[in-house]
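A short write-up of the structure that comes next.
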Amino acid sequence: MSTEDAAITVIGAGLAGSEAALAAARLGVRVRLHEMRPHKMTPAHRTGNFAELVCSTSLGGEGEMQAKGLLQAELRSVGGAIVGAADSSRVPAGNALAVDRDEFSARVTQAVRAHPLIEVVEGEVEAVPEGIGVIATGPLTSDALAADLARRTGSERLSFYDAAAPVIAFESINMDVAWRAGRYDQSADYINCPFTKEEYLRFFEALEQARRHTPHDWEQLEFFEGCMPIEELARRGVDTPRFGPMSPKGLDDPRTGRWPYAVAQLRQEDRAGRMWSLVGFQTGLKWGDQKVVVNLIPGLENAEIVRYGVMHRNTYLNAPEVLDATLQLRADPQKFVAGVLAGTEGYLESAATGWLAGTNAARLARGLTPLTPPPESMLGGLVRYLASANPKGFQPMNVNWALVPELPVPEGRRKLGKREKRPVLFQRGLNAFVAWAREEAGLPVTPPARPTAALATE
């Protein structure tokens, strides 16, 4: 197909859809962009503008100490529209990239509407159109389109709210306290953190006192018995958690040879074993309080939480079951999925997957092969995780350093600490992404200036 004839459809003009449309148009591909607002509003949006931020106004921490800082740098290097609009509408926020909400959305809307290759079609899309396209309809996907997606992918692969537990970096788990084992000597697929009675009561008291996130009126969360937040279980009584997800049955503590008073278990989240989630600890607690509670679990006293637990209305696919790392639907490779619907968490992550989906859709429309960024890059690490994570209980993921390969440790040398390691990971990832974008993807690249290391850490 010639460039003049190449065309794609994008559904949704949020951060992911707007970025996808502009990325494809920059490659000379015509785009038909569908957005149901303002004709049909969602409970969360105030305007009909594109890329409207409905919660926070921050796109995450900047600098080479931050995983989001690397993703920002990768997107800047290829002219990402969302991070460009954010840079132009930023407000003072320390080491974070925060924006003026209205100016940011107005800039994105202007860029989309002014582009000669983008046609904006206002109105609801009730079924995925034929041909090459990007689906980026976000957490409040309309009922009709959600039903069509469920039909295409299998209804059990489409979720309508988050119920996520905290995810811990393996290297921060104290394995002198915790141990690997399954119940009753089954395969050692879990990491177990044992409590004495005194430790459990301290943990329970902190759990009782922890502050809960207040849901938006439009979220209308209904908790199911099999997915009850840990704080809701605690409201039923001091022993409820330890007779539920924290049961010690069948787990002999190698230090004592006996079952502990209670146990917190962690399950492997990724193939490399870098990330482990707390089993049965789905929670809506405020993040600061989550950290306090998690650090009271024996073996997790210095735990690095790479993704906090959340409980909120959402619509997303079980990405490992339905998506490739190119963000193509396995059942229909002409369709790409981006943003929250693809299983990402966060504004920046939505924009980044929108950029890749739009770029790959444009490549496919031009007769080229869709690509995946290198694993050392943050975007490459994220999409590889989406395609290969444990599908059992899959929950949306934000970027973090556990998504990229560890640095090799030369023989006879010590392992680098966090503050030494992250700038090296940052530069390695950015170099790999820039080389990939220029040499493999054939894109114009402007490597951003080396950032000043931010003081804040993740």
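Placement of Cβ uses the backbone N, Cα and C atoms for every residue, glycine included.
Feature annotations, reproduced from Swiss-Prot:
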| type | residues | note |
| --- | --- | --- |
| BINDING | Gly12, Ala13, Gly14, Leu15, Ala16, Gly17 | FAD binding site |
Relative to the Cβ position of Ala16 (FAD binding site), how many further Cβ atoms are located within 10 Å? 35
Please give me the CB contact count at 10 A for Leu15 (FAD binding site), counting all chains in the structure. 34
Shell of the FAD site beyond Gly12, Ala13, Gly14, Leu15, Ala16, Gly17, same chain only (C-beta within 8 angstroms of their C-beta centre): Val10, Ser18, Glu19, Ala20, Glu35, Phe50, Ala51, Ala136, Thr137, Gly138, Ala338, Gly339, Ser350, Gly354
